[in-house]
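Asks: Would you mind keeping the following structure in view while I ask a few things?
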Amino acid sequence: MMKVLVVVALLVTLISYSSSEGIDDLEADELLSLMANEQTRKECVPKHHECTSNKHGCCRGNFFKYKCQCTTVVTQDGEQTERCFCGTPPHHKAAELVVGFGKKIFG
């Protein structure tokens with residue numbers, strides 16, 4: 001009986017050790033991922049800034065992520081170029097207005 005308890009204790013120790021090693025590896029990978037996300041967040045394009053070269057890099061606003069909105073600009077030479085900026089789409093503006101109004105009414 002004593003041998004069985006020793007073997008079970010040994011197995012539990014080995015399993016907990018191996019799982020903690022896996023958890024440590026997982027935590028390290030997760031930490032690296034979070035650091036990469038933080039770096040990306042620092043490099044996002046603010047509202048009203050140009051996003052022509054980085055159309056998916058707009059920052060987050062109060063409720064929604066800003067969208068890269070593009071327009072075609074005709075230069076004096078007659079060339080058409082696309083210019084983009086990060087902004088809030090009209091349906092997001094409406095949602096923010098409703099939420100703000102609701103907060104004023106309901107506290």
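Each residue, glycine too, has its Cβ placed from N, Cα and C.
It should be emphasised that the depicted structure is a prediction, and the values quoted were computed from it without experimental measurement.
Here Swiss-Prot flags CYS44-CYS59, CYS51-CYS68, CYS58-CYS86, CYS70-CYS84 as disulfide bond. Taken from Swiss-Prot, the feature signal peptide covers 1-20, and the record attributes it to sequence analysis.
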Asks: Report the same-chain neighbours of CYS51 (disulfide bond): residues 6+ apart in sequence with Cβ closer than 8 Å to its Cβ, ordered by sequence.
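Replies: Sequence-distant Cβ neighbours: VAL45, GLY57, CYS58, CYS68, CYS84, PHE85, CYS86.
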Asks: Taking 10 A as the limit, how many CB atoms besides its own sit near the CB of CYS70 (disulfide bond)?
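Replies: Around the Cβ of CYS70 (disulfide bond), 13 other Cβ atoms lie within 10 Å.
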Asks: Would you kindly give the Cα-Cα distance separating CYS70 (disulfide bond) and CYS44 (disulfide bond), rounded to the nearest Å?
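Replies: CYS70 (disulfide bond) has its Cα 17 Å from the Cα of CYS44 (disulfide bond).
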Asks: Name the secondary structure element type, per DSSP in three states, that contains CYS68 (disulfide bond).
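Replies: SS state of CYS68 (disulfide bond) = strand.
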Asks: Please report how many Å separate the Cα atom of CYS70 (disulfide bond) from that of CYS59 (disulfide bond), as a whole number.
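Replies: Distance (Cα to Cα, whole Å): 16 Å.
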Asks: Which of the three DSSP-derived classes (helix, strand, coil) applies to CYS84 (disulfide bond)?
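Replies: In the DSSP reduction, CYS84 (disulfide bond) maps to strand.
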Asks: Using other CB atoms within 10 angstroms as the count, which residue among the disulfide-bonded residues CYS44, CYS58, CYS86 scores least?
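Replies: Sparsest of the disulfide-bonded residues CYS44, CYS58, CYS86 by Cβ contacts within 10 Å: CYS44.
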